[in-house]
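**Q** Right, I'll just put the structure down here and ask away after.
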Amino acid sequence: MPHRRFADGEVVMGRWPGSVLYYEVQVTSYDDVSHLYTVKYKDGTELALKESDIRVVEGLPLSNGRKLQYRINGFYAFVLTAAVIGTLLYFQFELHYLYDHFLQFAVSAAAFSMVLSIYLYIRSLKAPEEELAPGGNSGCYKLGNALGGDEDTQSKHAISVNDTCEQLSASEAVLTTMDITHDGFGFMLAFGDLVWVPFVYSLQAFYLVGHPTSISWPVAAAITILNSIGYYIFRSANSQKNSFRRNPADPKLAYLKCIPTATGKGLLVTGWWGFVRHPNYLGDIIMALAWSLPCGFNHILPYFYVIYFICLLVHREARDEHHCKQKYGLAWEKYCQRVPYRIFPYIY
């Protein structure tokens with residue numbers, strides 16, 4: 001008799017029939033004859049799903065080998081945001097209030113991020129060792145541990161991804177990124193996510209409110225194509241890495257070649273990761289440039305985003321290089337010989 005994987009009452013992600021989208025559902029029962037699970041969606045709809053249509057997304061193993069489980073709720077976050085904005089527009093709410101009080105919102109967010117950082121630090125003092133970030137002196141939580149967990153350790157928290165396309169199609173790939181697996185969830189990420197990203201990364205829109213710029217359709221099309229190229233590189237590179245990390249033996253990845261390491265993991269030397277060492281950074285920078293170009297070239301402010309982003313990713317790349325050299329040793333040196341360019345092909 002087939003083994004039942006999901007228990008009654010368990011909250012999982014269920015695929016909507018005929019769709020590629022997964023929604024949060026609760027298992028209500030299981031039929032031993034048809035081997036179908038009856039699940040209940042948040043709107044009250046009940047459907048029978050096969051086990052292959054149900055999933056729980058797991059992160060990478062912790063230092064003790066345990067994997068945390070995550071709710072991928074980016075789609076819900078996107079729908080909720082769109083609904084709130086649509087409602088405000090319908091009732092003719094004056095959204096310029098946000099623009100007029102931009103500085104006040106930024107200061108409030110900064111104060112909240114400081115309070116959150118102090119709280120996380122205090123919590124980390126009593127946290128198990130495997131839930132703490134390996135580097136630094138703060139002892140902060142790994143972001144992955146702060147956002148998710150199983151029922152033996154802590155309540156599950158939602159994880160949201162700012163990029164709408166990633167929310168709808170690839171949120172789980174975020175679970176293998178450096179922010180989640182390595183960096184501590186302290187002041188840097190709290191301030192970055194609550195202050196720096198929303199208030200600095202939106203400077204282009206802030207600038208255009210006071211300095212509207214007209215661009216022709218061909219220029220707009222060229223900028224859109226540039227952004228699409230950047231997103232394609234970013235998305236496909238991250239998906240390739242995520243799939244390989246989760247299951248290197250997947251037959252779909254048979255075309256990829258890698259350098260074996262002493263840790264048992266492989267370093268990809270084909271695909272995007274054989275083109276440059278950080279193709280996802282390349283895609284990110286291309287998108288950042290595309291978001292700035294509609295502002296024209298009359299002021300440096302709209303380009304602060306892309307300039308800062310280049311500095312950030314070059315610095316992060318240096319940190320990653322140091323970490324990988326320590327972790328993989330000779331294998332990393334061979335990888336660098338095979339893939340000499342770090343971010344920009346034939347330049348850097």
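Placement of Cβ uses the backbone N, Cα and C atoms for every residue, glycine included.
Predicted automatically and left uncurated, TrEMBL annotations should be read as such.
The feature domain 'Tudor' is assigned by TrEMBL to 4-62. Here TrEMBL flags 75-93, 105-122, 185-209, 215-234, 254-276, 296-315 as transmembrane segment.
Thinking about packing and proximity, how do these listed features fit into the structure?
**A** Only residues 6 or more beyond the boundaries of the transmembrane segment (215-234), in the same chain, are considered here, and those with a CB under 8 A from a CB of the stretch are 165, 272, 279-280, 282-291, 293-294, 296.
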**Q** Could you check whether the transmembrane segment (296-315) and the transmembrane segment (185-209) come into contact, where contact means at least 3 Cβ pairs under 8 Å with the two residues of each pair 6 or more apart in sequence?
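**A** Counting Cβ pairs under 8 Å, at least 3, so yes.
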**Q** Tell me the residue counts in helix, strand and coil for the domain 'Tudor' (4-62), as DSSP assigns them.
**A** 3 helix, 29 strand, 27 coil
